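Enquirer: Here Swiss-Prot flags G63, S64, Q65, S66, T67, G68, K69, S70 as GTP binding site, drawing on sequence analysis. Taken from Swiss-Prot, the feature coiled coil covers 485-506. The compositional bias 'Polar residues' annotation in Swiss-Prot covers 11-21. Sequence annotations record features per position, and here Swiss-Prot assigns domain 'GB1/RHD3-type G' to 53-288 based on sequence analysis. The region 'Disordered' annotation in Swiss-Prot covers 1-21, 840-862. If you look up Swiss-Prot, you'll see 1-744, 790-862 marked as topological domain 'Cytoplasmic', on the strength of sequence analysis. Residues annotated as transmembrane segment in Swiss-Prot, with sequence analysis given as evidence: 745-765, 769-789.
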Amino acid sequence: MNGHFAAVDNGNGSSPDSNAHSFEHGIQVINEDKQYNTNLNEYLNETHVAEAGFNYHLISVFGSQSTGKSTLLNHLFGTQFSVMSERERRQTTKGIWMSKNKNEGKMADNILVMDVEGTDGRERGEDQDFERKSALFALATSEVLIVNIWEHQVGLYQGANMGLLKTVFEVNMQLFLKDKQNQTRSLLFFVIRDHIGVTPLANLRNTLIQDLTHIWSSISKPAGLENSKIEDYFDFAFAALPHKILQPDKFISEVQNLGSRFIAGHRNKDSDATDDQELTGGVFLPEYHRRIPADGLSIYAEGIWDQIVSNKDLDLPTQQELLAQFRCDEIAREVQIAFDAAIAPLEEQQAESTRAGKPAVLPNLGQIGAEAREKCVKNFETQASRYHKGVYTTKRAELEDKIDNRLKALYQAHLTAAHKAGVTAFSEAVANAVKAGQKAGGAYEFAEIVEKQKTKTLEIFKKEAQSLAIPGVAWSNFKPQYLIFEKELDEVSARLRKEEMRRLAIRVERWVKSRLGDAIGLEFNKLGSGRGGSGAPESGEKPATEKDIWDRVWKAFISIVGEAESRFTDRAKSFEASDDEVQVGLWRLRRKSWVALREKIEEEVMESNILMKLRENFEDKFRYDEDGVPRIWRPSDDIEGIYTRARESTLGLVPLLSRFRLTSTSAPPDLIEFVGPQPHGVEPGDEEDLTPIGGVDEDEGKSLEEETTILSEPKKQDLVVRFKKMADGVYVEAKRSAIGGITQVPLYFYAVLLVLGWNEFVMVLRNPILFLLLLLISGGTYVAYSLNLLGPMMQMANAASTQGMEIGKAKLRDFLENHEGARGALGMPPKNAQRVESGISMDTLDSNGKRKETGLGAEDDI
C-alpha cells in the first residue's frame, strides 16, 4: 500500500500523470530522517486544495505506536495510510504522512489529515527528539489534534500520552504566547478506543481533564501568565469508539457518527462540566485556523520545519510574515505577467515613435492602462490578501508603486505627445482659419478664431488627460499638466497674435507703398507740365505744380499714413491686442512709411528718371507757345531767347528737388514729431528690421538735414551738365529745322528762267485751261507745304509707282509661265516646278511701295 504514497524522494521531475499516480493515497511530508518533502505543493495542486484559499482544514493525529491511529484515520476519512499487520508488532508509520479526506459527503471541504509517527516506539527507544519536533510541527500547522488512546490507558501517564501532551502544552506556550495579539487556540480531540461502556464517557472526560489540568499547572509559564488556565488556550472534545474486532458493526457506525462532527461549528455557551461535547455543530471553529492560505501552506510548513530541525526558537508570526513576503512576491510576479502583456507593447510603440522624433498619441491608452492596473491589483488582492495583513499591505503598496511608475512614465510621455500634437494642431487650425478668412474677403476676427481653437484644443487635451485618470490614485490627476498646456497655448496665442499683427503691419506697409507709388509718381509727373497751355508763364514765378511739390508730397504722405494707421488700429482691435502692442505697431508703421517715402523719392530722382522729367519740362516750355500750341520754327523766330528762358526755368527745378523743404516753414518736415517717441512695449526683435532715420535715431549719426537731402552736390552738378547737353541738342535740332526750310537758289537762275521760258509762260497765261490748272497745282502745293504734307504726298506717289511696277512684273511673269513658246525661248522650267507666287496687295508692301520680305524669300526680278 505504501507504493501508492509519494515519499520524500519521489515525484521530483516526474510528469503530471506519474504525480497523479504517486499522490493517489497521499504524500510523506516528513520522512524518518527529518527531511521535508518539497513536493507538498504539487500534491495540494493535484488534489485542488491549493486553490481553496482559507477553505481547508488540517488535522493531526497523535498516539502511541501501534494503537490504531492509521486505522482510525482510514475508516474515518477514507484514507489509505499504512497499518500494522495483526501478525507483527512493528512500526508502520514513519515520519509524518498527509492525505486528503475522501469522505467529503458529510464533512467539511478540503480536510487534510496528517498521520504522525507514533510515540513510545521501540525503534526510536529513548530518542524523543523526533517526537518533540513532530509535535511542534503538528501544533504549528494543525487546527485539531486528535489524541488516540485506549480506554484502559485513561488515568495512566505514559499510556495516556500525558508526556506527549505536556510537550504539546510547552510548545503551545513557546509558539503562541509570543503573539499576544492573536491568541490562536487549538482543539484537543480525544478519541477513546475500545470503549466497553462500563465507565461513562463523562467520567473518562473528567479524568482526562484533571490530568491535563495537573500537567498545565506543572509547566513553567511566562511572567504574567502564572495563573492562566488551560481552557484559555485549548478546547477539548471527546469521543468513544467500541472495539473494532469484537464489535465491528458498531465500530463502523460510531466512526460514521464521529465523522459527522468534522464540520464547521461554534462554541456552546450553555455547556456544563458534565457535557461530553463543548462544541455545537462541528469541531472546526474559525479561531482554530492558522490563517495560512492553502497555496502557501507548503512554503509555510517548510519554513516551520526548517526552524524546528535547526533547533531555533520557532516564531510563528515571523514565519507567517516570511511566508507572506515570499508568496506576495511570487503572486506579484505572476500578476505582473498579464500587466506586462498589456503595457509592454504600448511602451515599445511609444519608444519607437520617440526615437523617430514623432511622439505618438496612443489610442485608448487610459482605458487599457486602467483595466490592466485594476486587473493586476485585483488579482493580487484576491490571492495575497489571505496572508499576513501587514506584509500584504506593504507588498500591495510596492506592487502599486511598481506598476504606477510604469504607467506614470507611459502616461506622462503620452501627455507630452498630446501636448505637442495639441500645440501643433492649434497653430495649424488658427493658420487655416485665417487663410479661409482671407480667401473669403479678408473679413475675419482673429481673436475669435484664437479663442475658438484654444477652447477646442483645451477640451481635447482635457478629455485625453481625464481618460488617463485612475480613481483613488493621486498621481493620475494631471491638472498640473493641463495648466502647463493651457499656459503654453496662451504663449502660442500671444506669439500667433504677434505674428498676425506683424503680417497685418506688412500688409498695411504694402498698401502704403502702393498708395505712395501712385501719389508720389503723380506729383513728380507734374514736373513736365511746364507748357504754356497749363498757365505757366515763360518768366516770373514758377508754376504752382513745381514750387510746392514737397508740400503736396508731404500732404499726400500724411493722408496715406493716417488712413493706414486707422486701418491698422481697427484690425488690431479684432486681435485683442494690448495698447502697447498697438502703439508699437503704429510706431513701426510710421518709421517704415517714411522709409518707403524716401525710397520712392529716390526712385523718382534716379539719374535716368529725373533727367527725363527735366527734359520733358524743358521741351514743354521750349516746343510749345503760351497757348500750348506746338511751335513751327522759322528763321524769323527768337529761338535763342526761348531756349534760354526754358533752360533756366528747368534748371531752377534742380535745387528745388535737391532738398525736402516745406514752403510754409522753409524747413524739412518734423520727422521726430511724426515718428513719435519709442513706446514702452518695444522689444529688441521689433527693431531688428527697422532702417535708421537721421534726426530721429540718435545713434545713427545722421542729422535731419542729411536725412531730407535728396540730391547731393556732386549729383546736382552732374545732373546740370547732362541736362545742358541734352537741352543744347534740342536747341540745335530746332535751329537746323528753321534753317533747313530755306532753299539756296542763285538769283540769276530766276532771270535765265524768265528769258528762256517767256514764250511758254505767255502761252499758259493765254490758255484758260492751262492757267486754271496752274492755279490749282500752285494752290495745292502751297496748302501741302503749309501743312507739311509734301513729304507724305511724295512718299505716296513713290509707293504707287513702285506698286505699279510690281504688278507689271507679276503680269509679265504670268504670261511667260502660261505661254509655251516664250517659256521655251527663255529656257524657263516647267510650270509645276515654279513656286507659287502670292498676290500683291497693300498689306504686302512696305512704306516705299515694295513688297515686304517673307519667310519664303523674295523672287528675283525678271
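Cβ coordinates come from backbone N, Cα and C, glycine included.
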Enquirer: Name the residue among the binding-site residues S66, S70 whose Cβ has the smallest number of other Cβ atoms within 10 Å.
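Expert: With the binding-site residues S66, S70, fewest surrounding Cβ atoms within 10 Å: S66.
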Enquirer: Do any residues, 6 or more residues outside the transmembrane segment (769-789), come within under 8 Å Cβ-to-Cβ of it, and if so which ones?
Expert: 763
Enquirer: In sequence order, what residues of the same chain, 6+ apart, have a Cβ less than 8 Å from the Cβ of T67 (GTP binding site)?
Expert: G118, N148, I149, W150, R193
Enquirer: Tell me the coarse DSSP state (helix, strand, coil) of S64 (GTP binding site).
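Expert: Once the DSSP labels are grouped into three classes, S64 (GTP binding site) ends up as strand.
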Enquirer: Looking only at residues six or more beyond either end of the coiled coil (485-506), which have a C-beta under 8 A from one in the stretch?
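Expert: For the coiled coil (485-506), the far contacts come to 419, 422-423, 426-427, 430-431, 434, 446-447, 450, 454, 457-458, 461, 568, 571-572, 575-577, 581, 585, 588-589, 592.
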Enquirer: Looking only at G63, G68, the binding-site residues on record, which one has the least crowded Cβ, with the fewest other Cβ atoms within 10 Å?
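Expert: Lowest Cβ count within 10 Å among the binding-site residues (G63, G68) is G68.
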Enquirer: How many other Cβ atoms sit within 10 Å of the Cβ of S64 (GTP binding site)?
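Expert: By my count, 20.
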Enquirer: What is the Cβ neighbour count of Q65 (GTP binding site) at a 10 Å cut-off, with all protein chains included?
Expert: 19
Enquirer: Under DSSP, is K69 (GTP binding site) part of a helix or a strand, or is it coil?
Expert: helix
